[in-house]
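Student: Please read through the structure below; I'll follow up with questions.
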Amino acid sequence: MDTSSINAQSIFDDNAAALKLSWLTGHEGWERGFSAETVATATSSADLVGHLNLIHPNRIQVLGEAETNYYQRQSDEDRSRHMAELIALEPPFLVVAGGVAAPPELVLRCTRSSTPLFTTPMSPAAVIDSLRLYMSRILAPRATLHGVFLDILGMGVLLTGDSGLGKSELGLELISRGHGLVADDAVDFVRLGPDFVEGRCPPLLQNLLEVRGLGLLDIKTIFGETAVRRKMKLKLIVQLVRRPDGEFQRLPLESQTVDVLGLPISKVTIQVAAGRNLAVLVEAAVRNTILQLRGIDTLRDFMDRQRLAMQDPDSQFPGKLI
């Protein structure tokens, strides 16, 4: 991932209001950030933000009352040495939290070395938690996929398929049936956790759906506020096909999945043909997926019934025809 756009200035701009940050000194170092190597070797955002620790040179260092009290108890020689070590590590920036006053020597050294120094009245724990969450989102793996992303029965569903199959028309019909649009054509996905992928709409395409023959439709204006969603977790991919290929099975014994950002996502394949009610089929696929997530597998139940019937036909069919 390109980390050049992640610097002290961008982090300050994105978090100043929420964290009540003030930029005390070191404005010349606004371009300071994380190297690609630092980001690549970090196991999580916890490696990038934390309390004052000289062992982690590239971490955003947060100083609170405990750290400043410890500093005050040191001799002048130790104070100078610790401050010199801290600045020499070239952290992206420093934060003095908890409403405590920044030590004068720290302010002086940050000014001389162009090290950004922020202050905030918020507690160090709150600052660290917020910045870790922010860094997790900024540095999370992401990808853009083609399709129509919808909220169907509370589940994030991505409609995919070749151009001209009617994905947008199907999306429009599903919206008219009370479901919500997240994004059309291009969907930005980001993996924010170990077990979920979140999808959003690019700002340029917000609330818009393109339908052939009608052009661009503003779904929010036409159907109202409840017809659009800001984001959804991706749980199901519905692939539309003109005709089934050689691998298509009417009763697949194993669930199909698609790898999205390293996470397997359930997938169903629906053939597009004249007379088929695709909206009903998609809704049924979503309902079936919800049951599967709850541990209810209809196909497995049927196979169990079949096995029992083969073992003891009389118990399953007491009224056997003669």
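Any Cβ shown, glycine's included, is placed from N, Cα and C.
Pulled from Swiss-Prot, these are the listed features:
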ACT_SITE  HIS146  active site
ACT_SITE  LYS167  active site
ACT_SITE  ASP185  active site, proton acceptor
ACT_SITE  ARG250  active site
BINDING   GLY161, ASP162, SER163, GLY164, LEU165, GLY166, LYS167, SER168  ATP binding site
BINDING   SER168, GLU210  Mg(2+) binding site
REGION    271-276  region 'Important for the catalytic mechanism of dephosphorylation'
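Provide an account of the burial state, proximal residues and distances for the features listed.
Tutor: For HIS146 (active site), the Cβ neighbour count at a 10 Å cut-off comes to 13, with all displayed protein chains included. For the recorded site, HIS146 (active site), the DSSP three-state label reads strand.
All protein chains considered, the CB of LYS167 (active site) has 25 other CB atoms within 10 Å.
Contacts of ASP185 (active site, proton acceptor) defined by a Cβ separation under 8 A and a same-chain sequence distance of 6+ are given as HIS146, GLY147, VAL148, LEU205, GLU210, in order along the sequence. DSSP assigns ASP185 (active site, proton acceptor) to a strand segment in the three-state reduction.
The Cβ neighbour count for SER168 (ATP binding site), using a 10 Å radius and every protein chain shown, is 19.
Taken residue by residue with DSSP, GLU210 (Mg(2+) binding site) is part of a strand.
Per DSSP, the region 'Important for the catalytic mechanism of dephosphorylation' (271-276) is made up of 0 helix, 1 strand, 5 coil.
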Student: Residues with Cβ closer than 8 Å to the Cβ of GLY166 (ATP binding site), same chain and 6+ apart in sequence?
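Tutor: The answer is LEU240, VAL272, LEU278.
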Student: If you count other CB atoms within 10 A of each CB, which of ASP162, GLU210 wins among these binding-site residues?
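Tutor: Top count of Cβ atoms within 10 Å goes to GLU210.
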Student: Can you tell me how many other Cβ atoms are located within 10 Å of the Cβ belonging to GLY161 (ATP binding site)?
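Tutor: If we count other Cβ atoms within 10 Å of GLY161 (ATP binding site), we arrive at 20.
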Student: Long-range neighbours only, meaning 6 or more apart in sequence with Cβ under 8 Å: which ones does GLY164 (ATP binding site) have?
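Tutor: The list for GLY164 (ATP binding site) is empty, so the answer is none.
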Student: Calculate the distance in Å between the alpha carbons (Cα) of LYS167 (active site) and GLY161 (ATP binding site), and round it to a whole number.
Tutor: 7
Student: Around the ATP site formed by GLY161, ASP162, SER163, GLY164, LEU165, GLY166, LYS167, SER168, which additional residues qualify by having Cβ within 8 Å of the site's Cβ center?
Tutor: LEU240
